[in-house]
Every structure is written in C-alpha cells, then in structure tokens.
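Feature annotations, courtesy of TrEMBL:
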SIGNAL    1-22  signal peptide
DOMAIN    70-154  domain 'Cytochrome c'
BINDING   Cys85, Cys88, His89, Cys121  heme c 1 binding site
BINDING   Cys184, Cys187, His188, Cys229  heme c 2 binding site
BINDING   Arg225  substrate binding site
ACT_SITE  Cys229  active site, cysteine persulfide intermediate
Amino acid sequence: MGNNKWWGLAVGLSILALTATAAAPNLSDPVLQGYIVGDRYSGYVISIPETRTMQDDDFDNPGFLWIDQAWELWSRTEGKAGKSCASCHSKNPDSMKGVATKYPKVIGGGLKTIAHRINGCRRANMKADEWKWESDEMLGMSALVRLQSRGMPIDVKIDGDAARFYKQGEKFYHQRRGALDLACNHCHGINHGRKVRSELLSMGMPNGFPTYRLKWQKLGSLHRRFRGCNKNIRSEPYKTGSPIYTALELYLMSRAQGLLIETPSVRK
C-alpha cells in the first residue's frame, strides 16, 4: 500500500474514531415499532420529530408534488405507439400494489430497478423517449409506483438468478474505496446510530426512496445518494442506473428485508 493510501486510511479512520459519538436511537419507543425489524431500523427512526411529521402528512410531504405530476403522466398518451401507462396497467396506478417490494429483480438475465422498467416500457411499448434518471418525470413515476406498496414489507429475491448480483452488491458494500479508504459498511454497518461531526449515521436503508431530502430541496433517487456518498469519501462515483449501483441497491434492499416501504420518505 502506497503512502497516499496509508494517509487516506489514517484520515478516514481518524474521522470515525475522533468524531463518532454514541447517539443510539430509542428503539423501545412504541411510536417507532413499525419502523424496526429485529436489529434493523429505517432512517425514520433517527429523524427529528419535525421531519417525521412532514413525512407522515401527505398534504405537507413535499414528495407528493412529484407524485401529483406522475398521476397526470400515468394517463398521458406519448410516443409513436399512442399509448400511456394506463393503456397496459389500468386507469389507476393501484395496479402496481406490491411491485416495489420485489425490486430490483432479474428480468431477461439482467438486474432491473423500477426506473429501468419504466424506461423499458416507454421504449418498447410506448415507442417514447426514455426519461433521464433524475428527471422530475422519472422521480415522480418511480415514487408513484412505489407509493402503491407503502406499508408493505420488502421481499426481494437474492437466490437463483439474483445471487450473482447480490454478491456483487455485497462486495461493493464492504470494499474500501476513495482517498478516505472507507467502505459503505464503516458508516452504515459498524457505526450506525453514532454521530460523525453533526451527522447521525443511519443504517442506510433504501425503503423510503425516492426520498425528499431537505438538503436537496427536491425528490431524489437512491442512486443519487450513492453518488453523494462516494463523493464524500473522495471516491469516483458511478453513473446512476449503472450495473454496480443496481447490484448495490439489491444488496441494500436485502438488508432491509421486512422493513416497510415508506415512499415518499422525508430525510435531512
């Protein structure tokens, strides 16, 4: 290991060692029991009361601004095929109930997220242009689809055809990277529930995405959060929708097995 690598490792570990302080959430609080499964808990548990209240009220939750737009898009005819989402799935998006609990999943030999599936439908069935990953349209439609499963437990498949993708995501999660030489596991596995500087580390559960993040002042995807985390540890981020981020999403969803879908969540 070169001098630069040793320096990065020393800096990364010192940040955790010197600034991480105990701030474990109260997992016995009866109000929070619906957000806890065994020793795993949603980011909702470590949110401040004001943020929880904002998420709980569909009228105050800013994420519904994107979902309201997606309701209109659901029935809008687009593309050369002259079809809409409703043409195949029904006039009401509630036909998507339960779908989000199973994604990412293997389709045609490849691992697909809900966003991949949306663009696949637009391309193949509607003959319409694909949406960009972080576009308002994609975020809104992804959130609308996931909303239909709100309150349902995550139940992704990680065996069979999905096993190799799961292993890829697991490897990424535990692999050190960047100038700080840290892995996802250092913050969200080993040190969750502790404060680093002023930030309380969560378990990194994906059950509320797309999420309205107060820091962003808009709805954002899980893959955007991946990119932000990579940048924080001085690591080159991958593209949203990339195979490696999709594999990581599957691994995180497996860690969240049994937790309830919260989309659209609100986070700091």
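Placement of Cβ uses the backbone N, Cα and C atoms for every residue, glycine included.
Mapped onto this structure are the features recorded in TrEMBL.
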residue: Cys85; record: heme c 1 binding site; CB count, 10 Å: 26
residue: Cys88; record: heme c 1 binding site; CB count, 10 Å: 11
residue: His89; record: heme c 1 binding site; CB count, 10 Å: 16
residue: Cys121; record: heme c 1 binding site; CB count, 10 Å: 17
residue: Cys184; record: heme c 2 binding site; CB count, 10 Å: 22
residue: Cys187; record: heme c 2 binding site; CB count, 10 Å: 22
residue: His188; record: heme c 2 binding site; CB count, 10 Å: 18
residue: Arg225; record: substrate binding site; CB count, 10 Å: 19
residue: Cys229; record: heme c 2 binding site; CB count, 10 Å: 17
Heme c 2 site span - longest C-alpha distance across Cys184, Cys187, His188, Cys229, in Å: 11
Reported mean pLDDT - the domain 'Cytochrome c' (70-154): 98
Inter-residue C-alpha distance, Cys121 (heme c 1 binding site) and Cys187 (heme c 2 binding site) (nearest angstrom): 36
Distance, Cys85 (heme c 1 binding site) to Arg225 (substrate binding site) (CA atoms, angstrom): 27
DSSP three-state assignment for Cys184 (heme c 2 binding site): helix
Longest CA-CA distance among Cys85, Cys88, His89, Cys121, per record bound to heme c 1, angstrom: 11
For Cys85 (heme c 1 binding site), the one of Cys187, His188, Cys229 that lies nearest, given that the binding-site residues are compared by Cα: Cys229
